[in-house]
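**Student:** Submitted below is the structure of interest, expressed as structure tokens.
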Amino acid sequence: MKLHELRPAEGAVRDRKRKGRGTASGLGKTAGRGSNGQKARSGGGVRPGFEGGQMPLYRRLPKRGFTNIFANVYNEINIDRLNAFENGTVVTAELLKETGVIKKIEKDGIKILGNGNLEKSLTVQAQKFTKSAIEKIEAAGGKAEVM
């Protein structure tokens, strides 16, 4: 026997069922769509959230809150992300963007959070620092400069 002579075992391969091709196929007449109605039609179906005319959940629940247009928006970066830089580097928002740590600089700048550990001695320039972030930067021999 050669590779080109290989065939599946007898009866192992079945033809796929073609819908709507006569009752003998097992999927004729209604083609698996049940009786007539909206869901039996071409393009039939209801939009997400539609509950058959009953007041939908998203309209039964009250609106809540608002967006404060004066809110401060920072890029929040955990301190362990700064281990990517070499010792003695001055870490700025522009450098973080160039290296791909952040995608874009938010309107209020960078905030350094203290999650994780810092093994490098860096000078970090940012708009805000948490207390734990300042402690960890200084413990590693670096400086935290508030812009």
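Backbone N, Cα and C define each Cβ position, glycine as well.
Since we're looking at a predicted model, the values are computed, not measured.
The region 'Disordered' annotation in Swiss-Prot covers 1-54. Sequence annotations record features per position, and here Swiss-Prot assigns compositional bias 'Basic and acidic residues' to 1-14. According to Swiss-Prot, the compositional bias 'Gly residues' annotation covers 23-35, 42-52.
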**Student:** List the helix, strand and coil residue totals of the compositional bias 'Gly residues' (23-35) as derived from DSSP.
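**Tutor:** Output for the compositional bias 'Gly residues' (23-35) reads 3 helix, 0 strand, 10 coil.
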**Student:** Go ahead and report the DSSP secondary structure tallies for the compositional bias 'Basic and acidic residues' (1-14): helix first, then strand, then coil.
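**Tutor:** Residue counts in helix, strand and coil order: 3 helix, 0 strand, 11 coil.
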